[in-house]
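Colleague: Take this structure, written in structure tokens, and hold onto it; I'll ask about it next.
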Amino acid sequence: MADFTSGFWDLYIIVITVLAILGCGVLLWSQSTHKVEPGSDGTTGHVWDEDLTELNTPLPRWWMWLFYITIVFALVYLVLYPGLGSYAGKLGWKSSGAYQEELVKADADYGPLFAKYASQDLKAVAADPQAHAIGERMFLTYCAQCHGSDARGNKGYPDLTDKDWLYGGEPSVIKATIMKGRNGMMPPMGAAVGSEADIENVAHYVKSLSGLTADPIKVSFGKTKFGACIACHGAGGVGNQALGAPNLSDKVWLYGGSAETIMETIRKGRTNTMPSFHEFLGESKVHVLAAYVWSLSNDPAPASLAAAPGVAQK
Amino acid sequence: MTEAAAKPVVIRMYAAREEIYPREAKGRYASLRWACVWITQLVFYGLPWLNWNGRQAVLFDLGARKFYIFGMVLWPQDFIYLAALLIIAAYLLFLVTAIAGRVWCGFACPQTVYTEIFMWIERKIEGARSARIRLDRQPWTADKLARKTAKHLAWGVVALFTGFSFVAYFAPVRSLLSNIGAFALGPWEWFWIGFYAFATYGNAGWLREQVCKYMCPYARFQSAMFDKDTLIVTYDQERGEPRGALNPKATPQDAKKKGDCIDCNMCVQVCPTGIDIRKGLQYECIGCAACVDACNGVMDKIDLSRGLIRYSTDNAMDNKWSARRIGQRILRTRVLIYTALLVLIVAGFGTALALRTPLKLDVIRDRGSMGREVGDGMIENVYRLQIMNTAETGHTFRIKVSGIDSVRLATTDQAVLDGASTRAVPVRVQVERSAAARGAAAPGSNHIEFELTAVDDPSLSVREKAVFIVPK
Ligand code: SF4
Ligand code: SF4
């Protein structure tokens, strides 16, 4: 009854619907015969403009029966299916139920295929051309919005084709990432690092870690303030995959490697969410998807992938 | 009229259908109709059984959304061809109607064709017109029951086979047949076979002329295509009236006063819609020319010239035109315009169909980034190429990109696709930053073009425009 604010509206709709249908029946019945003056032979007795009369050319009777059948059909339909206010219908049909049925059917159709892959090792799945094609389709559907069609990522969204991983690039870790999702969290560190000048110095130090050009004086000052960052990024800034803390000593930047961007990251922190796909896709599909993602930066079987066929459209 | 005496009478706005017992007509037009029955039904029943390329030659696979028509596979994207085909059919109908009225109705319309078949069965089992009338009036006897049962069974068989043939256009006919034997059809297949069979049985067995008179939309608007030069089945009033029975004792003087119509009612008895053509053109007349055949037979017997009822036009009747004059009036403005339009559309349709490449390409630019800088001073954009190989054979396609001097593909330039398959191929396209500086690729959007060509067949090629974005 959430659809209606009170029981009145429910009743209102039911009454109007039923009366309208019955009204059609009464109208039909009352109009199926007509009383005329005797002698007005073959006409309905209607006269316009003095001498225009309406001939009675009766429709075949089966027309009338079709009308009655339609009325009976409407009533039976409204008993069986939802349509009368919030009354659910005797058959209990729901659009969400119909959707569920289709899902179940699709699972029955494609389930065995995914089940076959689910029992295989991820690297073996990655080498299978058919699984690769399926994985590619899933990636383009579910992952490409953030990571790009070519999986090379965008600002804030990791590149999946390089060898650099925030949480680790082992097939099982990739699978865990897709299954459970990730919450990347760098807290605002401005206060911990110190003044605005300290932040700038630390940014230059971070740049120097990956061998980018940086002001040597600022680098040396920054190094002393880097202590605030060690807990997560390690003493040498090499990161920590257990925490998802990025390696600062390589040339891969999630948000950009300019001093300004790094300062903004230190000041305000960063929050990143990779959603969990377990609920949505189920484990067996994620299995195939993880194998595909792993194959983006690893070469499981170069020859077979080149010949990956298009999947016939169903 | 005095008020008191006027006792209202009740009239009905819906009347029971009156059974029509058409007599069998024999003659030129009846033969023509049977020829139409044979041709249309050989095509309709036979087509699903033909094979082509190892598959059913004509199959509308709704599940896979592919229409197979001999060497051609149409996809939902080819819907325009279906629309064109319907337009052609409509124009053909206009043209034919303007020239010769309801010839479609009388000779080739499925309602006429199946009614003809069903009436043939009826004649074989229940006998000719008078026998049928007698049978219906007599009380129920074993013989009547047997005949009626046999008739409906025979109708049912034809109807079921028609329903089966209809569904065979949408589901492969051979597996359909074996599945029927095993009672293993899906609910929808049962439904459509049953539904179409029921429609055939009901329309051709029971409703007959009711369909033409009360249900057919074409019957309602075709009068708009008639004019005074349209051929219609018409009774020659001048020659026929005053009608009267043949009197063997009539003197030549009497005979002169009488028209040629002997009032034998043959023309009325053969009419499938139960009208009297001698009352003039009526909307019920489907132009089947059965009455022409019947009257010609009568004229032959009484040794008068044929054509008391014949194909003629309003103008010809009013002005006593010769057949030659009628023929000349066929090529009038209206007909010429219809013909010109029809030729134009058919030519366009044919060319489009012949030039159609069984390959489609959609280019979707990744919206995640506006274009990014990569090493070596390159700007990169990412695209998703949605490739549809609508041919039945697989191909390897070469992807080319052009439009800016330095533009190049940074990913593979090959895509392998099976026959009748689709694939989305992500590609990266790069342009030199320096080229951007020279103005070849200005900051902002630049036009580029993708080209897809089958490696083994250069004529199989499509181009598609896209936009390359250089960040400012
Ligand atoms: S068949 Fe010919 S002759 Fe007989 S009634 Fe009809 S028009 Fe007259
Ligand atoms: S009037 Fe003649 S042409 Fe018209 S439907 Fe009857 S038999 Fe056919």
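Glycine is no exception: its Cβ is also placed from the backbone N, Cα and C atoms.
Quantities reported herein were computed from a predicted structural model and do not represent experimental measurements.
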Colleague: A:Met179, A:Met186, A:Met274: which one does TrEMBL list with A:Cys229, A:Cys232, A:His233 for the heme c 2 site?
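Modeller: Heme c 2 site check in TrEMBL: besides A:Cys229, A:Cys232, A:His233, the record includes A:Met186 out of A:Met179, A:Met186, A:Met274.
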Colleague: Could you tell me the C-alpha distance between A:Cys146 (heme c 1 binding site) and A:Met186 (heme c 2 binding site) in angstrom, no decimals?
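Modeller: That separation, Cα to Cα, works out to 20 Å.
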Colleague: Roughly how many angstrom lie between the C-alpha atoms of A:Cys143 (heme c 1 binding site) and A:Met186 (heme c 2 binding site)?
Modeller: 23
Colleague: How long is the line from the C-alpha of A:Cys229 (heme c 2 binding site) to the C-alpha of A:Met274 (heme c 1 binding site), rounded to the nearest angstrom?
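Modeller: Checking the Cα atoms of A:Cys229 (heme c 2 binding site) and A:Met274 (heme c 1 binding site) gives a distance of 23 Å.
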Colleague: For heme c 1, what surrounds A:Cys143, A:Cys146, A:His147, A:Met274 with a Cβ no more than 8 Å from their Cβ centroid?
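Modeller: Near the heme c 1 site, the remaining chain residues are A:Ala144, A:Gln145, A:Gly153, A:Tyr157, A:Pro158, A:Leu160.
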Colleague: Consider the binding-site residues A:Met186, A:Cys232, A:His233 and say which one has the Cα lying nearest the Cα of A:Met274 (heme c 1 binding site).
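Modeller: For A:Met274 (heme c 1 binding site), the closest Cα among A:Met186, A:Cys232, A:His233 is found at A:Met186.
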Colleague: So what pLDDT does the domain 'Cytochrome c' (A:130-210) average out to?
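Modeller: Across the domain 'Cytochrome c' (A:130-210), the average pLDDT comes out at 92.
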Colleague: Taking the Cα atoms as reference points, how far is A:Cys232 (heme c 2 binding site) from A:His147 (heme c 1 binding site) in Å?
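Modeller: That separation, Cα to Cα, works out to 25 Å.
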Colleague: Can you tell which of A:Cys143, A:Cys146, A:Cys229, A:Cys232, A:Met274 has the least company, meaning the fewest other C-beta atoms within 10 angstroms of its C-beta, among these binding-site residues?
Modeller: A:Cys146
Colleague: Using Cβ atoms only, which of the binding-site residues A:Cys146, A:Cys229, A:Cys232, A:His233, A:Met274 are under 8 Å from chain B?
Modeller: A:Cys146
Colleague: Taking the recorded heme c 2 site as A:Met186, A:Cys229, A:Cys232, A:His233, identify the other residues of that chain whose CB atom sits within 8 Å of the mean position of the site's CB atoms, giving them in sequence order.
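Modeller: What remains near the Cβ centre is A:Met189, A:Ile230, A:Ala231, A:Gly239, A:Ala245, A:Pro246, A:Leu248.
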